[in-house]
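Under the heading transmembrane segment, TrEMBL lists 6-31, 38-66, 72-95, 116-138, 158-177, 209-228, 240-262. Annotated domain 'G-protein coupled receptors family 1 profile' per TrEMBL: 20-260, in sequence order.
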Amino acid sequence: LALNPWDVVLCVSGTIISCENAIVVVVIFYSPAFRAPMFLLIGSLATADLLAGLGLILHFAFVYFLPSEAGSLLTVGLLVTSFTASVSSLLAITIDRYLSLCSALTYYSARTVTRTYIMLLLTWGASICYGLLPIMGWNCLKEPSACSIVKPLTKNHLLILSVSFFLVFAAMLQLYARICRIVCRHAHQIAIQRHFLASSHYVTTRKGIATLAVILGTFASCWLPFALCCLLGDYSSPALYTYATLLPATSNSLLNPLIYAFRNQEIQKVLWTVCCGCCSSTL
């Protein structure tokens, strides 16, 4: 096959995604201090994005070096599983943040840990089931007219995934709207109790809203174009539309560690400690 520049870009982005999220996975799962529910969910997100990066690399390898139907089904199954787990993990993180604000007094109880494991089980169980569908026979290899814009996924399969994404996005939008109201109310109460100026309350509220806007804006701008393309397109749609919308969707896995992991002060401390240790040993 002639080398497609879009496939090269996806392979390079998959390599960067894998390396970036591998750092987060190693830091969280091999550090005893990171056993809190929040870090478990961030670790789940990083694991899903790591698998997504590996799936992009395998896609390039199977297309240009080992072309086969089995390789195509394996690759698309891995990508469906990883991206579904990534989006579901983002929803689980949103739910965890909302519950931590609503029930702050009981958040650090054993029930929270149990709830976290249940969310992880549901997240990965549903994602694996979605990913196994093409391998179990729900594909369009024998009926090209039933294909979607992502071969060998069928139009109905991709339709279910797209509708599921819009439901997740609607749930995240509603939860973050409630989080925003809670943060504004808490900031106002603290400002009254400590006799802060109205300007400080305004600055605190604005920062909280800006953070939520970055989280939701990044998620929507990355995934909405691809979800709409999946709903409106079919096997006859130009491949350019698929690549042009899939690349922003994959970039979400590149941005997730920057938003959810590397901004965390505890993870920053571990990374700085490791970097300083490596630099001192080298010197």
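Using N, Cα and C of the backbone, Cβ positions are placed for all residues, glycine too.
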For the transmembrane segment (72-95): best-contacting stretch of 6-31, 38-66, 116-138, 209-228, 240-262, by Cβ pairs under 8 Å: 38-66
Beyond the flanks of the transmembrane segment (116-138) by at least 6 residues, Cβ under 8 Å: 37, 40-41, 44, 48, 73-74, 76-82, 84-85, 88-89, 92, 95-96, 152-154, 157, 161
